[in-house]
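Novice: Once you've had a glance at the structure underneath, I'll fire off some questions.
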């Protein structure tokens, strides 16, 4: 180091610095040479996306066209036309809320772009946003005072404001039907306005028309962001109508928006509990576990003792289970109560008719099936049931094998044989002395034997239970014969000196 000089970089650092300067200069030269080409390539790619978007749009392939316009916007975020074209695709797809930001961006980039202003004003008008829509229409008219569509839409906007005020006034006067009529025009002008649909839904509710209220409320869940109130209201309406599965689906949508929503969560717990009980009950019915099903339906009535539709449903199904489990008197009592609550329910009438049949009250069974047929004349099960009940009624006026043996219609084979043996011993002709007594005993004994034959044969018993006497000559091919013919190959009480003796084990 020379005297008088400070310390400085060594020769190696100087050489490194010179090389870095040389490399930077070379890079700048290369960029100057390639930048026009890169820009041209990027623009070509954007143009390609726009062209493909136009072709796909013309072919009606909206989702694919939208994808290309996304790429075009990303490639050139300052092109107002690209935003506008993407907005038109959103509108074609029914996604008006997605179209609004693109229209606003196009207007921001080109404030005098009248087509975008007019389109945005139309969307805002359909949403019921009259203040902002008015600004867009007036901006168009300021640039083009003779613009027909802007003039027409501004007039519709004024009409909307006046009509909505009239509807609210009618609602305040409790003229709900009148308000609904006025709101028809409001919804026609502003089909995407949640306020109008919610007001009309409230009017329908106050008039007791839950179905129409639901139709108006459902669209508002999409028209208004985070519309938990609408989801909860829909769930409550479906619940009140007895549609617990749909009620559960709607309240779950509310909880998706906010799992901590207290009102929705409380309602969810109630609906979930009831739904689980009803579903479990139906599973038991399908598996023919009728006692378990009855218990579940009783539990459901305790869970929801206020809503009539669930009380009726539970009692109707208990009626069905009792009828199926062959407890006729209990079934008749429950079915009668259910019928009083829901007089036009065909299934309650069917189940009570079947209980009457089990209870051998055939005339009442016929009456129930006839009433059910009046409500649903095309129901095959009802028509078949009525025909069977009428046959049983006719049959009951002739020979009834159950009455002959003194047993219930749901008696099993062992009970049938036991009753037969007892009566056969009692009425065997050898037990009687006089000819008149023997003849009477012979007649009874033949009936007893016939009853045993029919009721212990599954096929013959099924025919008899369907209202057809398998031993009645009228029901046999060829007809003829005596109505009390001996059902076996011979009659042990025929002419001759043969005496037949039964031995009972």
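Cβ atoms are placed via backbone N, Cα and C, with glycine included.
Pasting the relevant annotations from TrEMBL:
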COILED    150-177  coiled coil
COILED    372-399  coiled coil
COMPBIAS  457-466  compositional bias 'Basic and acidic residues'
DOMAIN    400-468  domain 'J'
REGION    457-488  region 'Disordered'
SIGNAL    1-40  signal peptide
Novice: Under an 8 Å Cβ to Cβ limit, what residues of the same chain, 6 or more beyond the ends of the coiled coil (372-399), are close to it?
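Specialist: Distal contacts: 344, 346, 349-350, 353-354, 356-357, 360, 362-363, 365-366, 447, 450, 464-469, 472, 483.
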Novice: Do any residues of this chain, six or more beyond the ends of the coiled coil (150-177), have a C-beta under 8 angstroms from a C-beta of it, and if so which?
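Specialist: Answer is 118, 121-122, 125, 128, 130, 133-134, 137-138, 140-141, 144, 183, 185-186, 189-190, 196, 199, 202-204, 206-207.
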Novice: Which residue counts does DSSP give the compositional bias 'Basic and acidic residues' (457-466) for helix, strand and coil?
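Specialist: Helix (H, G, I), strand (E, B), coil: 8 helix, 0 strand, 2 coil.
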